[in-house]
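Asks: The structure follows.
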């Protein structure tokens, strides 16, 4: 579930860090070109994990929500509570840095793996390895961990570790985005919904949640700008003026990518289950996401106030496919049937 810090897109001119929260930092007036570049880059970065994560979800075996992802989501809720009630922001940021370093390295390694398989030189030996932990002995021996990997996986892990060290030491926005994109892509790929009706209920509930926490309180915006963790994508609006050392960021929470993304991925798997050459529902929902996020950015920039992106994304991502199915599909089949029953040899798409 998307958490507080994930669903607020921060308006033009907002800064990160304690100065931004306390209102003590001087406000930088970004140029029109810098603002357009920042918003366009956020839109592109949001589309990439949805598109490629949805494609990878088709080939992914039926997924149960893994412990790692459940723990990641729970940590974000825990971090918010500890920030308010127990620990200072400094200690929470340190804890999150170590936690997301481990998860980020693993997520980035998994994201890079298909690409590494394509570019790995054929003349380099690809050795196989196995990590095995057992408990007990003799006939009562029980496997605790049995993980097989190869040279390509080790290379991916090494590259990801370099990015992780860079993030921990510098907190650079590029390293943050690399981890954020990896989290988003893995979330869209691995988190599966059972059917469209379940997806609509999920999006509807988070629609209300998002609107309340952005418009009803200032908690979401404050936490999003306070915690230094790769739970959001950021892009500097002053990049043209300051280069890679820019610090005036526009941001978009990962929840505004992953939550609609898993619904869009479900529609792609539904298209595959129909065994047709078209991907009508997928492309419709994908274009709907572009429209919804574009509308979010427009309203955010116009009113100079953080917006709950799901306020615009949920009606678009649900409404557009519904209009399509009214002309193409039986509503009972579309909303409640599990398309896996119609796939010969393909994994369960939901």
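Heads up, the Cβ atoms here are built off N, Cα and C, so glycines get one too.
Note that TrEMBL annotation is computational and uncurated.
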Asks: TrEMBL tags one of 36-55, 56-75 as transmembrane segment - which one?
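Replies: In TrEMBL, the transmembrane segment feature sits at 36-55.
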Asks: Ranges 136-159, 280-303: which does TrEMBL label transmembrane segment?
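Replies: Feature transmembrane segment in TrEMBL: residues 280-303.
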Asks: Which stretch does TrEMBL mark as transmembrane segment, out of 3-20, 309-326?
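Replies: It is 309-326 that TrEMBL annotates as transmembrane segment.
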Asks: According to TrEMBL, transmembrane segment applies to one of these ranges: 229-248, 249-268. Which one is it?
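Replies: Of 229-248, 249-268, TrEMBL gives transmembrane segment for 249-268.
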